[in-house]
Amino acid sequence: MAGRWRNTLNWSDVTPEAAYLSRRQIMAGAGALALGGLAGQARAAEGGLEPNTFEEITSYCNFYEFGTGKEDPKRNAGALTVDPWSVKIDGLVDKPGTYDLADILEGVSLEERIYRLRCVEAWSMVIPWVGFELADLLDRVGVQPGAKYVAFETLFRPEEMPGQRAPILDWPYVEGLRLDEAMHPLTIMATGLYGQDMPKQNGAPIRLVVPWKYGFKSIKSVVRISLTETEPPTTWNKASAREYGFYSNVNPQVDHPRWSQATERRIGAGLFSKRQPTLMFNGYDEVADLYAGMDLKKFF
Amino acid sequence: MGLAGTINGALRRVPAWPVYVLGMLPAPWFLYLGLTGGLGVEPIEALEHRLGVTALQFLVAGLAVTPLRRLTGINLIRYRRALGLVAFFHLSLHLATWLFLDLQSWQLIWADIVKRPYITVGMAGFVLLVPLALTSNSLSLRRLGPVRWRRLHRLTYPAVLLGAIHYVMLVKGWQIEPLVYLAAILALLSLRIRLPRRRVAV
């Protein structure tokens, strides 16, 4: 069992007093996860870490399966069938099989995680995810001693995912983590945000979230999880190996070959907002131990 | 020459100034959208992008004037200066958005121009267009003389090409839209390579 991650960001940290009071009243009536109606109010100035609005999070997405434009996923994801949904778990595990999503969710407890998300394109958001630690699922299926990596795969269904009808990327989208990264308590499988089921354009019904890596590592609409002995191929790395490394940790010192990663712009800050400095590991310093002794300029 | 003649005849009564007025409308419209939430949740990037694409569209239109006349007889040459200047207007605002809204730091700007190939390429295209915008008036045409003026204004060709390459380079992966612009520009430029030869053959 992985150590439990303790969140240092929560609603009371980031919310101005006036909105905080009304939120408490709503929460008292609707239960801890019924935060959906708060989408518009969830802004706060304190500490500089305010969740983006539901509207921002769901209308500015990179999900090339539904088109390369930022608003394409919102426009085109409606046709995606997310129920029934199953995830095939295979490779070096004790209990391989095709698990129904409901079955997976029965064995875990959902919690809220307010995480920063830093896109490789130098923009960022703060998102209140709902999910569970990937380690809990991996423990349940039993990781065998030889396993060193975890490979993930997105649904391939061109009839519902129009972006997959053109060879913009090598479909299906695949991603991977080292086993210790996958087992880290910060790494979650998210099934919702803002207390609601995951919007389709954000990777419904279940997606990975690894907050210290660039957003493209957090693969969406996952249908397969495989435990492997060797480093699995990853989609953007296959598309351009010199631009997108396997690790892709957020790192202001290692620039993308075509643009700087030293700064980022917060989505939703408006036409006259300033860029802000990008933080090492996107501010999640607790993962630094995973890379002790590694040259992160080489393993970018 | 029937249809082309009719069109040319009708256009004789249309002055060039409406091209300037209508052509410059997109910029304030985009700014208005950006200020009122109409450009989505990342308005700086959207404004930059829309201004850049609009500039590219007017450059392509300017590039199409001569082939259009040679292939169909429709003569829009009177409007070409306006098309070029409207393109330059949007391009200047595209650059200004990048400088003053996007980066906001001279240090970052210089680092980007030197280190980022797609910015270097885009800046080179802009720099090539500056003398063309400055000499787009009739006085400069008279001072330079038509031969030298025309030779100078051939800088449009590399400039537009650099603009399209800039667009292809800045997106993640091989996206379709920038490649369509690049293909259109290459087609319009290749028409120019072949046309003089054909004239010799005739």
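Glycine is no exception: its Cβ is also placed from the backbone N, Cα and C atoms.
Along the domain 'Ferric oxidoreductase' (B:54-163), the predicted structure has mean pLDDT 93. Summarising the annotation, TrEMBL assigns domain 'Ferric oxidoreductase' to B:54-163.
Nonlocal intrachain contacts for the transmembrane segment (B:19-39), taken as residues 6+ away from its ends with a CB within less than 8 angstroms of a stretch CB, comprise 46-47, 50-51, 54, 58, 79, 82-83, 85-86, 89-90, 93. Among the features that TrEMBL reports, transmembrane segment is placed at B:19-39 (among others).
Listed by sequence, the residues of this chain that lie at least six past the ends of the transmembrane segment (B:51-70) yet keep a Cβ under 8 A from its Cβ atoms are 23, 26-27, 30, 76-77, 79-80, 83-84, 86-88, 90-91, 93-94, 97, 156-157, 159-160, 163-164, 167, 181, 184-185, 188-189, 191-192, 195. The transmembrane segment feature in TrEMBL is assigned to B:51-70 (among others).
Annotation comment: TrEMBL describes B:82-101 (among others) as transmembrane segment.
Residues or ranges marked as transmembrane segment by TrEMBL: B:113-134 (among others).
Within its own chain, the transmembrane segment (B:155-173) has Cβ neighbours under 8 Å at 52-53, 55-56, 59-60, 62-63, 84, 91, 117-119, 121-122, 124-126, 128-129, 131-132, 179, 181-182, 185-186, 189, 192, counting only residues six or more beyond its boundaries. Taken from TrEMBL, the feature transmembrane segment applies to B:155-173 (among others).
Look at TrEMBL and you will find B:179-195 (among others) tagged as transmembrane segment. Sequence-distant contacts of the transmembrane segment (B:179-195), counting only residues of its own chain at least 6 positions beyond either end whose CB sits under 8 Å from a CB of the stretch, comprise 56, 60, 63-64, 66-67, 70, 157, 160-161, 164-165, 167-168.
Shown for the domain 'Ferric oxidoreductase' (B:54-163): DSSP residue counts in helix, strand and coil, namely 97 helix, 0 strand, 13 coil.
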